[in-house]
C-alpha cells in the first residue's frame, strides 16, 4: 500500500500488463507436459498426445460454448445430459435409414443434431430469460429432463447405430486424419477460432462480457440483455451438437450413462482456463487449454507406475486446486 | 378433499378386485431401468410375470419399478395395500430399505430378495435370497485365461471402488493363481464405456505387449474393443467382459476371436426369484434359503441359451 514506486512494483506492473490470467493456463499446460514426460517418456509420444487431444475434443468444444454462458453470468448444468439426448436422437434417426444413400443419412443426421442442440439451448435460454428463473434451477431441471428422455428412448439400455455402411463412413470423423492430424482436433480448433472471433471481434462478444459484468449497467447502456443471454445458451447448444457429432462416430452407441458429469468437466475447464465463474470475462482459448489439462492429468496418472488407482481422484482434485492457486497468485493485483 | 375421497374409493376398489381375482398375488419391486443391467432386470421381470400369469389363471404378478430407495419404499406400501402374498424385491439400496422389507415380512408375506443384500441378510429379512456371484464372475474369467493362455500378460479394467468390484478382483486373483498369468495394471473404468475407452487407449500407450484384457463388464468391453481396433495392434488376443449383454453374447455366438467367451451375471435372476416364489407358494415346495447363481461361462456352444435379442440389454 506504499505510495512510493519501487523497482519491484514497476516490474510487477509490466508483468501485469501481460495478462497473466490469459497466459496462466498455458503455463500450467507446459508444466504438466514436462511433468508427464518425467513420469513416463511415452507420454510425449505423438500418438499419446494425439490420443489425449482427440479425447478431450468433446469437453473442449462444449467448454467453448460454456465460456459464453458463464461470461454472460449464467450457468448451464444440462450439457452432459444434452449430449446423451442429442446423440441418442441422432442415432435413432440414422437407424430409420429414410434415405438410401449412407452419405445422405449422415449429413442429414449432422444437420438434425445441430438443430436439436440449438433447440435445447433455446429451451434453456427462454426459461431463464423469459421465465426469469435462476439458470442453476432451470438447467438442473433440463439436466433431469434430457437424461430422463435418453433413458426412456433407450429403455435404460443402449442405442446403437445399426447400418454398417453408415458406421464405416462416419467412423472417419473420429478416427480419421487430415494431413496426419485427427479430425476431432481440427474441428475443435475451428470451433475455438470461431468462438474467439465471436467473443473478441464482434459487438455480440463485447455485449456478452458487459452483461456478465453488470446486468443493470448493460441494460442502461442499451444492450438487450435477455437476447444476449438467450444467444449464449443457443451457442452452448450448438457446441454440444458439435461434440455429439464427434462423439457418435467413436462408439456408434449411446446409453443412459453417456455424458454423465460432463457438465462439471466443462465448467472446470472454463474456470481453469481463466474465465471467472461469476461472469464478466471470457477466455475461449483458455477453456480449450483447461479441457486439455483435465484430460492430461488423468492420462499422466494412468501412465505412471507409482500412483495407486485408489488415489487417482484425490490427486486429480489436488492438481486442479494447485493450478487455480498458482493462477490466482499470478494474477493478484497490487 | 373430493379428490382424496375419490382416490381412496378407487384404491379400495382396485384392492377388492385384485384380492378377489387371484388366489395368489405376487408383488415385484425392482429398480427403474437407469443403466444396461437394470434395464435387463425390468425386461426379464416383465417377461416372467407374463409367463407366470399365462400359465396360472389364479396368479397375479404386479411389477413396479422405482428410481430410488425413497420411492421404492412407497412402492412397497402400494403393493402391500393391494394385498400381496409374496414380495420379490431387488432393492435399489438394500440397507436403506431393510426396515421397509422387514415390515412387509412381519405381516406373514413371503419375501424373496434378489442380488443386493443388506448387512443383516438373514431369515428375519427374507425367506429366499437369490444372489449373483461376483466372486465367481472374476474366478471364471481368471480360470479361462489361466487355462488357455497360462503365460498371458493381462491388463484389468475395474468398475468402481465398491465391495462387489473387490469381490470380482479377489475371484480373478484366485482364478489365475498357480499360473504364470501376469497382471500388468488395474485401473478403474467406472463401468462406463467412454471411461473404458480412455483407460484402454492409455494401456496401449503404456504397454508394448498385452495378451488379454479383462474388463469384467460388457458395457466397458464396447469401449475397449474400439480402442484396440483404432490402435491396429495385433498383440491383444481377446477381451473378456461380463454380465451377458445381448451384443457381447452375439459376438460370442458368432465366434468372434476378440470375444471368445463371456461370463454371466444375468439380470434374468429376477425371473428365477419369481419362478421359485411361485413354485414355493403354488406347489408347496420348500424354496426358502440362499440360492447363488453360477457365473456361467458363455461359449459359442451355449451362447444361444443366454441370447435375448428383444431385451434392451
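Even glycines carry a Cβ here, placed using N, Cα and C.
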Which listed span TrEMBL calls transmembrane segment, if the choices are A:181-200, A:201-220: A:181-200
Highest-contact recorded stretch vs the transmembrane segment (A:106-127), from A:77-94, A:181-200, A:260-277, A:284-304, CB pairs under 8 Å: A:77-94
The transmembrane segment (A:20-40) touching the transmembrane segment (A:284-304) per 3+ Cβ pairs under 8 Å rule: yes
For the transmembrane segment (A:20-40): best-contacting stretch of A:52-71, A:181-200, A:228-248, A:260-277, A:310-326, by Cβ pairs under 8 Å: A:260-277
Criterion met for the transmembrane segment (A:228-248) and the transmembrane segment (A:52-71) (at least three Cβ pairs under 8 Å): yes
Residue numbers, six or more beyond the limits of the transmembrane segment (A:181-200), whose CB comes under 8 Å of its CB atoms: 50, 53-54, 56-57, 60-61, 64-65, 67-68, 71, 172-175, 208-209, 235, 239, 242, 246, 282, 284-285, 287-288
